[in-house]
Amino acid sequence: MTTPALLPLSGRRIPPLNLGPPSFPHHRATLRLSEKFILLLILSAFITLCFGAFFFLPDSSKHKRFDLGLEDVLIPHVDASKGAKHPGVFLIHGPDEHRHREEEERLRNKIRADHEKALEEAKEKLKKSREEIRAEIQTEKNKVAQDMKTKEKKPLPPVSIPKLIGISGGDPEDTDIRKKREKIKEMMKYAWDNYRLYGWGHNELRPIAKKGHSTNIFGSSQMGATIVDALDTLYIMGLHDEFRDGQKWIEDNLDFSVNSEVSVFEVNIRFIGGLLAAYYLSEEEIFKIKAVQLAEKLLPAFNTPTGIPWAMVNLKSGVGRNWGWASAGSSILAEFGTLHMEFVHLSYLTGDPIYYKKVMHIRKLLQKMDRPNGLYPNYLNPRTGRWGQYHTSVGGLGDSFYEYLLKAWLMSDKTDHEARRMYDDAIEAIEKHLIKKSRGGLTFIGEWKNGHLEKKMGHLACFAGGMFALGADGSRDKAGHYLELGAEIARTCHESYDRTALKLGPESFKFDGAVEAVAVRQAEKYYILRPEVIETYWYLWRFTHDPRYRQWGWEAALAIEKYCRVSGGFSGVKDVYSSTPAHDDVQQSFFLAETLKYLYLLFSGDDLLPLDHWVFNTEAHPLPVLHLANTTLSGNPAVR
C-alpha cells in the first residue's frame, strides 16, 4: 500500500451553502410594511422579467420555434422520419397554424396563471412571522434530506455473486499454531475495542491521548475509515458482533455528500475496497450501495485532458487537483494505477461500464508512452500526458501499480493477457535496472533517479517479495526464478527487522558501503505498524510452507505486542533502534485492515481465502476472482 507524504493541504475549499433561515433583526417579529412593499415589488418585477419576454417573441408565419423547457406542456413536433433535421427543435408550418395559435394562447394563459399564483404565494409569505418562515424552511430541508436518503437506499440491479469459497474456517491442526492465531485475534479485538471506546466514527485513533485522529488523505470529515477498513478482518476472524456494530454505523452515518477533499487513491483502496470485500463476505446490500455511492463521487477526478485522474477530489463539488509536492503538478503512478481491481468489480456489480472504461483508458494511454529503459516513471502530468521527473520506484509512489497489473490478470481468471504482458515487461526492466545484490549477499530493490540507482529500499517495497511469489506461476518460463527472488526479498526485509533493537523494521534502509539493511537518517527510523513485510511472509508461506516464514511473522507479532501496545490500542514508534522508543500515538486503519489480517492468515490453514479464488487489493481487502462468463473483459451482456 502506498501512502504519499502527508503535507498540509493549501487548496481552495468551497464554503458550504447557507441553507438556514434568513437573518432578521432580533427585536422585530415581523417585517415593516415598507419592507413588505419593496420585497413584493422586487419579486413581481423578477417574475415579469422571466416570463413577460414570452409575449414579445418574434412572430413568423413560416417558422416558429418553441423550446421552453415546459415538460408538462405538449408541443406538436415534426416526425423525424419526414424530414426533420434537428429532433427536439419543433417547427410549425401552414396547415398546423390554427392549432399552433390555440396552443400558444393556452401557454400564455398558463403563464399568466402561474404569475398570479406566484404573487399570491409571495404575499402570503410576507404576512408570516420569522418563526413561521424558519419552521417552513426547516420542514423543506427535512423533506429534501429524507428524499436524498430514500434515493441513496435505492437498490442496485441484482447480480449473481461469484461462487465464494473459503470465507471461514482455516483452523490449524497444530495446537501451538492455533494459540498463536488466537493471540492475533485478541490483538485485533483490543485494537477495535479501544477504537470503539475512544475514536468511534473518527477516521483513526490516537491510543495514548485516547481520542480520534485523522489526516488530510481523508479530508475534513469523520468518515469512519477504521470501521470500513477493519470490517472484513472482523468477519474473517469470526468477530461478528463487532462486524454488526460497524455495519450499523455505516448504515446510519457514512455520508459521502460532504464538502471534503479526499485522496482518490486512499478512499478507493480503503473505502471502496473495504466495502466491496464486506459485501462479498456478508452479502449485505448496504455495503455495495455505499461503495457505488462513493465511486460516483470519485468519477469527476477523471475530468482531465488526458483522463488520468487527479490525486484529490472534493466529494461535494467534484473539483480535483494534485498534491503540491508532486513533480510539476503530476499525478502519481501508484495512485492512478491502483484503481483497476475495484473499478472492474464496480462495473460487474452495477452493470455500468463507466468504471471499467476509466481504468482501461489509463492502461491504453500508458501502453502508448515511451518508457526510459523500459521503466515507468512515478510521475505523469494529467494535463500534458508527459512524464514528470524520471524517478522509478517499486516502493512508495510506484509499488501498487505493478501489483495491480498482476492482480488484474489473476482477478480475470487469468484471461486478461494484456495485463500479464505489461506486468512481465515491467518486472524484467525492474530486475535489470533496480534489483541488486549487496556486498553482504542481500538482494534489494533500489530506486532509479535521473539515470542513477539509489541504493536504498523502503519498507513499502518489501511487499514485492510476495508479489514475485504470487506472479511466479504464469511467468515466462521463470517460475522457479521468481519464487526464489521473492524469498530473497523476504530475507532482506527480515534482516531490516532483525538488525534493530525492537525487531521491527524502519521506514527505509540503505545498502551503502559497510551499511546494509539499516536506516541511516533519523527521519527513516520509524515504524508505523506497516504490513508489507508480514504480507510477503504470508505469500511465501502459502507457496512454500517453509516454517521460517511463520517464525519470522511470530517474531514481528511479539515485537508489536511488546513495543506498540499502549493503554488505548496500538501505536507506531519513532525509532526502532532505541530500546525505549517514543510512540507516535497513531493507530493506523491499515493496522487492522492489513497487518493483523496477514498475521491471522499466516497462522491459518490454506483453505481460508484460497488464492485461486480470491485476490487481495493493496489494502488486503479480498475480492473474488471473476470467472470468464461473468467479467467485463469477456463482454458480459449485462455490463456491455
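Note that Cβ sites are derived from N, Cα and C of the backbone, with glycine treated the same way.
Remember, TrEMBL labels are computer predictions, not curated facts.
The transmembrane segment feature in TrEMBL is assigned to 37-57. Sequence annotations record features per position, and here TrEMBL assigns region 'Disordered' to 141-175. Here TrEMBL flags 141-155 as compositional bias 'Basic and acidic residues'. Residues annotated as active site, proton donor in TrEMBL: Glu266, Glu507. Sequence annotations record features per position, and here TrEMBL assigns active site to Asp399, Glu532. Annotation source TrEMBL lists disulfide bond at Cys462-Cys493. The annotation Ca(2+) binding site is assigned in TrEMBL to Thr618.
A Cα-Cα distance of 19 Å separates Glu507 (active site, proton donor) from Glu266 (active site, proton donor). Nearest to Glu266 (active site, proton donor) in space, judged by Cα atoms and limited to the recorded positions Asp399, Cys462, Glu532, Thr618, is Thr618.
The number of other Cβ atoms within 10 Å of the Cβ belonging to Glu266 (active site, proton donor), over all protein chains shown, comes to 26. Of the listed active-site residues, namely Asp399, Glu507, Glu532, the sparsest Cβ surroundings within 10 Å are found at Glu507. In this structure the C-alpha atoms belonging to Cys493 (disulfide bond) and Glu532 (active site) are separated by 9 Å. Cα of Cys462 (disulfide bond) to Cα of Glu532 (active site): a span of 6 Å. Residue density at the residue listed as 'Ca(2+) binding site': 26 other Cβ atoms are found within 10 A of its Cβ, drawing on all protein chains shown. Counting only the Cα atoms, the space from Asp399 (active site) to Thr618 (Ca(2+) binding site) is about 9 angstrom. For the disulfide-bonded residues Cys462, Cys493, counting C-beta atoms within 10 A of each C-beta gives the highest total at Cys462.
If you measure from the Cα atom of Glu532 (active site) to that of Thr618 (Ca(2+) binding site), you get 10 Å.
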